[in-house]
Amino acid sequence: MKSIFSEGSQITQLICSLLTLIPVFSYGAAVGWMSPMTLLLQSENSPRSEPLTDIEISWMASIPYLITLPSAWLLVLIADKIGRKYAILLVSLSGLGTWAILLSSLETWALITARALVGISASGSYVVFPIYIKEIGEDSIRGSLGCLIGVFHTGGNLFLYVIGDMLDYYTVLWICLSLPISHLILLSMMPETPSFLLKKGEDERALKALAWLRCRSEDDVEVIKELEHTRREQENDSQSNKFLLKEIYNNKILFKAFRIALVAVLAREVCGAVPVLNFAGEIFTMASGGKELLLSPNQQAILLGSVQVVGSVFASSIVEKSGRKNLLFFTSLLSALSMGALATWFLLQDLEISATSWLPLATLCLCIFCDSAGLQPVSMVLAGEIFSFKYRGTVMGVTMSIAAFSDFLQLLFFKPLTNEIGIFAAFYFFAAVCFFISIYVILCIPETRARTLEDIYGDLRKKEKREIREKEATDI
């Protein structure tokens, strides 16, 4: 495979990443679909004979994250045993199934089944695609390429917000159906990752794939050096046993890295962005208190989606300069402040105390910006960078399953609980979680930007030794 670009160019990696990530865009559209369609399907103008109930809407919103639990493990198994590309193929097919079922029926069972397939897309977006991008990208741009997942996810959200406000129900679905169809055609042109090919003993194919991705010849010194580094990493891993989770638990450094990856991923899911994005239109309607709005709930959701895209692009452009740790800390802290302010605003409304009318929109925009600029992309990049090839898939699967279960609980109970105890309580909870995450980042998470795995684990060992010394001093 001879590259048409200049030697050493990174453009092939970028193009490959952009074309491969179309299912993530489709998944973002599926997430965004809930906001305008919740209002439509529960209105008098619903394309159904009867509007959906709150319970039905809650199940439609939450079921994808329940399906994510088993599908994350299925995708990890396929990615590790058959190939990263085959796992991506399954993700694309699940997106095709989602839009096809929504087009075929408006029955409640069909709507919930279609939304269930979104769970497979969610797993792929945050388990398989981070692994694929990490393994095709070189170290100097792996953070920026990893952040493209967030750009495509948020871009899909905004895309659906816009067309959902402008077009009719079925036109929206036909447009969305074209996304996985186009990806299935393009996927055949994308390479398998060199790391996976090397693991399977296909050294020649691995060399060709890596040379094509790096826009270099197959006998180039840099290509051979990188391939040998990957080979040594895999040889070191092959000496370990097959019970990966047990091995991670028994190894203090690996288990500390696992805790860091889990907290980072949970930070992304429990910062408040998930229910906000799924119920954006409804939250804005609640905030209006029956007053006439300058922008409709859907138009305010479009504004929210625009902020989300800006945040994702910002993260992709700055993550290699600012570092992962700084970006994660500041976005966590700002999220805590914005969620706390929004909770206070809703509490004042319940107490019939007047408050600034623009505050809900401003705080939600800040929350979503922080999520897309730091919490979402950095957690993916970080989880991929602190584990070697052998553990990467398993760790991503475990953390994604736990995070998905938390999403399922949030979306299933968000509407019923906010109706019972008030929406302010939910946002105070999100504020507390974000504040805790900001403290954890400062105390426990190492910087991973442009560093090897050995350097990162060296930091973790130093912290481990320091904690042991402090404990011994306390005991004395």
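Yeah, the Cβs are placed from backbone N, Cα and C, and that goes for glycine too.
According to TrEMBL, the transmembrane segment annotation covers 12-37 (among others). Only residues 6 or more beyond the boundaries of the transmembrane segment (12-37), in the same chain, are considered here, and those with a CB under 8 A from a CB of the stretch are 3, 5, 60-61, 64, 88, 91-92, 95, 98-99, 115, 118, 121-122, 124-125, 129, 132-133, 136-138, 141, 145, 148-149, 152-161, 164-165, 169, 172, 176, 179-180, 182-183, 186-187, 189-191, 212-215, 277-282, 298, 301, 305.
The domain 'Major facilitator superfamily (MFS) profile' annotation in TrEMBL covers 12-449.
Annotation source TrEMBL lists transmembrane segment at 57-79 (among others). Proximity of distant same-chain residues to the transmembrane segment (57-79), defined by a Cβ-Cβ separation under 8 Å and at least 6 residues beyond the stretch ends, is recorded for 30, 34, 38, 41-42, 86-87, 90-91, 111-112, 115-124, 127-128, 131, 196, 278-279, 393-394, 396-397, 400-401, 404-416.
Remote same-chain partners of the transmembrane segment (86-106), defined as residues 6 or more beyond its termini with a Cβ less than 8 Å from a stretch Cβ, comprise 20, 22-23, 26-27, 30, 47-48, 74-76, 78-79, 113-115, 117-118, 120-121, 123-125, 128-129, 132, 170, 173-174, 176-177, 179-181, 183-184, 187. The annotation transmembrane segment is assigned in TrEMBL to 86-106 (among others).
As annotated by TrEMBL, transmembrane segment applies to 112-133 (among others).
As annotated by TrEMBL, transmembrane segment applies to 145-163 (among others). A Cβ distance under 8 Å defines the sequence-distant neighbours of the transmembrane segment (145-163), meaning residues of its chain 6+ beyond its ends; these are 13-14, 17-18, 21-22, 24-33, 35-36, 125-126, 129-130, 133-134, 136-137, 171-172, 175-176, 277, 280, 298, 301-302, 304-306, 308-309, 311-313, 315-316, 319, 372, 376-377, 380-381, 384.
Within the chain carrying the transmembrane segment (169-190), a Cβ under 8 angstroms from the stretch's Cβ atoms is held by residues 16, 19-20, 22-23, 25-26, 29-30, 33, 37, 40, 47, 85, 88-89, 92-93, 95-96, 99-100, 102-103, 160, 163, all 6 or more beyond its ends. The transmembrane segment annotation in TrEMBL covers 169-190 (among others).
Sequence-distant contacts of the transmembrane segment (260-281) (same chain, at least 6 residues past either end, Cβ-Cβ under 8 Å): 31-32, 34-36, 38-39, 61, 126, 157, 161, 297-298, 300-301, 304, 308, 328, 332, 335, 339, 364, 367-368, 370-372, 375-376, 378-380, 382-383, 386-387, 395, 398-400, 402-404, 406-407, 410-411, 414-415, 426-427, 430-431, 433-434, 437, 440, 444-446. Taken from TrEMBL, the feature transmembrane segment covers 260-281 (among others).
Annotation source TrEMBL lists transmembrane segment at 301-319 (among others).
What TrEMBL lists as transmembrane segment is 326-348 (among others). Same-chain neighbours of the transmembrane segment (326-348): 264, 267, 271-272, 287, 315, 318-319, 354-356, 359-360, 363-364, 366-367, 370-371, 373-375, 378-379, 382, 422-428, 430-435, 437-438, 441-442, 445, counting only residues six or more beyond its ends whose CB sits under 8 Å from a CB of the stretch.
The annotation transmembrane segment is assigned in TrEMBL to 421-443 (among others).
Residues 32, 35-36, 143-144, 146-148, 150-151, 153-155, 157-158, 161-162, 165, 276-277, 280-281, 284, 295, 327, 361, 364-365, 368-374, 376-378, 381, 449 of the same chain lie 6 or more positions beyond the ends of the transmembrane segment (301-319) yet place their CB under 8 Å from a CB of it. Note on the domain 'Major facilitator superfamily (MFS) profile' (12-449): its mean pLDDT in the predicted model is 86.
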